[in-house]
Amino acid sequence: SKSAAVDNVKVIVRCRPFNQKEKLEGAHNCVHSNHEMGTVTVDPPDLEQQNAREAKGEQVMNKRVPRTFTFDGVYGEESNNQDMFIESFRPVVLSVCQGFNACIFAYGQTGSGKTFTMSGVPGNIGCIPNSFQCLFDYMSNQPDTTQFLLKASYIEIYNEEIRDLVTNTHKLPIKENKDRGVYIGNLSDHLCSTEHDLQAVMDKGYKNRSVAATAMNATSSRSHNIFMIRFEQCQVIGGKDTIRVGILNLVDLAGSERQSKTHSEGDRLKEAAAINLSLSTLGIVIQKLVDQASHIPYRDSILTRLLQNSLGGNSKTLMMTAINPAHTNFDETMSTLRYADQAKRIKNKPIVNEDPKDAQIREMRDRIKQLEDQLQNAMKNGTISTANMAAVQQVMNNIKGMQDQDQNNTNEVEEIEEVEDPEEAEKLKKISEQKQTIAQQLKKQEESQSAAKVAIEEMKEQLKSLKGAVVTGKELEDANRSKEQQIREAKVKLAEKAEKEMLMKRALQQKEEEMKEKQIKNQSVEKEVEMMKEMIQKLKTQVQSRSQDIADMQVNQQKLLDELEQSYILQQKQLALKEFLIGTFVPPLEAKKIESYIQFDDSQGKFVILNPEQQNLLKQDARNCRVVYPRGNNVPEICNETMEDSQNVYVAKKQQLKMEMPDRQTVRK
């Protein structure tokens, strides 16, 4: 069946170690990770002070209690990229090989380790390069009859503008149609037949990313980065070719920022405003999806527009949440974990993309077959067939012989001039002309053969390139790869075993709690009272935790509103500056004319200038407009009210293009 059951977004959490700056500041750890149980507990910053006051017998009002979250996977300071990939990322990546769309995105505060997890460093590669290995391991295990086609692209979203990181092309448009859904126009995609090809695309794009130093991160990403892999495979099932296409999006989001901590100014502040605005929109989309709202505001941001399929759509999605262990970042850590806790409630409906209309592997195979036929015809019917190779060689030898006789021809011409007998001279002249004619014919044949040879060589190179793009499992066999793959497969089995143990421990814990509830009914009254007190205390703690969550969320909501207000004020200042420049340097009529030439494009989320044909249509509607000068005012206006024809002033409809002023016909002296 093509359809799959409803699949919740998977969420994992990773807490990085302390960095040098946090150690120097004396920050203490407030995050406790339990990998086996998949839980993360966050202590309030003042927990020790609260406990000390209670120990002295003081009553603590509005006590804040530790908050525990449960996720699909939790990784502490000691975790490494390889184990994380095998346990959590690998199943999502392999779903692409089955024809599903998949998305892995890293979310978290700036400086929390998102880029390290996604890209990694030499010797400890991250999710993206590990995905390359995973895909080619899968391909190498498939039969020879299965063919594969891989294409890769790398983009960034910088200040709500899409850039191609490989070709360094800016301002790419977002487009949408029924067959492809939401996609990026004019985006370059690169054929990749080896891991090295994919790594080369990543390395080239990685160098072009927008990064800058802030007070919290020396190499802070100033944009959202998305590495896209299109994975197509053609299998023979029941004697029929079956094509499956999966698209893998690997997303490294820019981190959320607080200006009070990053101390960003100027361009950095504008970048932070754009980043926070898109992340706020992402949070709103997540909340709306959890609430099952009728309208989801995907179009409010380019990021959410591109992630539309991954959030509540046709995709298997995993969210990697990166957090910070320092107590000084408690608010940001709690906010991040709440977003993650909401995200795991999002329900996707992934579907196998089988024989889609936009499959490219079929087109590539047809092109290869066409080139093979053309090459075969050229070898059979062309001037360079195998049967004629000897004749061609003989022609080449004759040409060489004629070239050697060039000097002799020159000498013969001199002899003709020296011969006194006219008949003998005429005879020698004819012989010389015949030799020259033969030489010219042989030269033409040589040029023809050379052109045919070049054309065939070009065809062979093109065929080789296309065949290189479409690979099979047998072509990927390698002794070294086989050994490394065996090691990775062994780690996968261990990871699967560990996951089963974690699920069993969770189930056992739940059973123990159920048993406690049942034991209450069978115990003596005294023990029953004790157990009831224990349960009441547990419920009180839960109520206190939820109340604390509500209070924290209200505080965070106010902070978010303050940030949005700050962003709004900044935009208002920029708007006022631009309006001042237009009012000062652009004539009012020209400004009105320009305003009539622009309109808002929903697909691109910005204003665009109308094309010349649309402008001409507007001009035709405004031909009879007349500029008038109100009494006592030297500022021209466009007449919008009906006046008598005798005054030669016509109606100018509101909100239409104003008349263009004619060129001056007189010259000032």
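Glycine residues also receive a Cβ, built from the backbone N, Cα and C atoms like all the rest.
TrEMBL entries are annotated by machine, without manual review.
In the three-state DSSP assignment, the secondary structure recorded for Gly111 (ATP binding site) is coil. In sequence order, Asn19, Met216, Asn217, Ser220, Gly255, Asn324 make up the list of same-chain residues 6 or more apart from Gly111 (ATP binding site) whose Cβ falls under 8 Å from its Cβ. Sequence annotations record features per position, and here TrEMBL assigns ATP binding site to Gly108, Gln109, Thr110, Gly111, Ser112, Gly113, Lys114, Thr115.
Residues annotated as coiled coil in TrEMBL: 425-542.
Residues or ranges marked as domain 'Kinesin motor' by TrEMBL: 8-346.
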Cβ-centroid neighbours of ATP site Gly108, Gln109, Thr110, Gly111, Ser112, Gly113, Lys114, Thr115, 8 Å, sequence order: Arg16, Ala106, Asn217, Gly255, Ala322, Asn324
Rounded mean pLDDT for the residues that make up the coiled coil (425-542): 68
Same-chain residues at least 6 apart in sequence whose Cβ lies under 8 Å from Ser112 (ATP binding site): Arg16, Gly255, Ala322, Ile323, Asn324, Thr336
Same chain, 6+ residues apart, C-beta under 8 Å of the C-beta of Thr115 (ATP binding site), given in sequence order: Ala106, Gly126, Thr219, Ser221, Asp252
Sparsest-packed of the listed binding-site residues (Gly108, Gly113) - C-beta count within 10 angstroms: Gly113
